[in-house]
Amino acid sequence: MSALEWYAHKSLGDGIFWIQERFYESGNRANIWLVRGSEQDVVIDTGLGLRSLPEYLYSSGLLRDRAARDNAACRPLLAVATHVHFDHSGGLYQFDRVAVHHAEAEALARGDNFETVTWLSDSEVVRAPSPGWRARQFRVQAVQPTLVLQDGDVINLGDRQLTVMHMPGHSRGSICLHDKDRKILFSGDVVYDGSLIDWLPYSRISDYVGTCERLIELVDRGLVEKVLPGHFNTFGAERLFRLASNYISKAGICHKVSTFAMRSLASLALRVTNSRTSP
């Protein structure tokens, strides 16, 4: 299957494109965002990486065609992972320039498929990307980040800037990217319109509460009008406020006890199926 078949996209205007993996039918299917700038283009999250995402970007015309890739006028391309979970980081190995938060840089560099929580089934991939492909073969490949991010860093695209916000809770290195001028938040799995997951090996409820308080502050200060999340549909500031507030209100003792049990089971299952280093 070609990259043009595997991916699909739609334009949200203002240089932003929403890309998805058509034949990965799962709640884990991540949104991939392309943000075009005057001096640099940024891909936010890369999906599973079962087909070449860079090839799709050039072949579909979203970026300059392959013949122009080495041209001095061709803008550089940076792939940013909002966190290293497999559904977001699987395609990072396809890019020359890769950025991730420092808390997860080591896990990515060694191909730690326990921390990337790799968990994929044949039933979720409704058309095999290549003959004989099986989900049990899938692993997140080790990638050495070329840019290690910290809270407050700014990724300069020329005519727009994306500010890095370290937002742990879902994972220890989760980030949002905030376009302050346009009041857009690329939220990864920090927040999306669904049940927030805080029971994975490196999830932490206390961190998540702090993150949600920070999200509420963004809304209260009028700094976010649109959220482009890591899963499901986009939403606005009012919904962001409600999702963050609901998480805080539910993060009591009962929730912590049930989450501890779920995390223990998830960690056991992931340790059985995944190694801490890439083969």
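Quick reminder: no glycine exception, Cβ is built from N, Cα and C everywhere.
What Swiss-Prot records for the Zn(2+) 2 site is Asp87, His88, His231, and among Asp41, Asp122, Asp189 the residue it adds there is Asp189. Take the Zn(2+) 1 site that Swiss-Prot assigns to His83, His85, Asp189: the candidate from His102, His170, His178 listed for it is His170. Cα distances from Asp87 (Zn(2+) 2 binding site) to the recorded positions Ser2, His170, Asp189, Cys254 are smallest for Asp189. Between the CA atoms of His83 (Zn(2+) 1 binding site) and Cys254 (S-palmitoyl cysteine) there is a gap of 27 Å, rounded to the nearest whole number.
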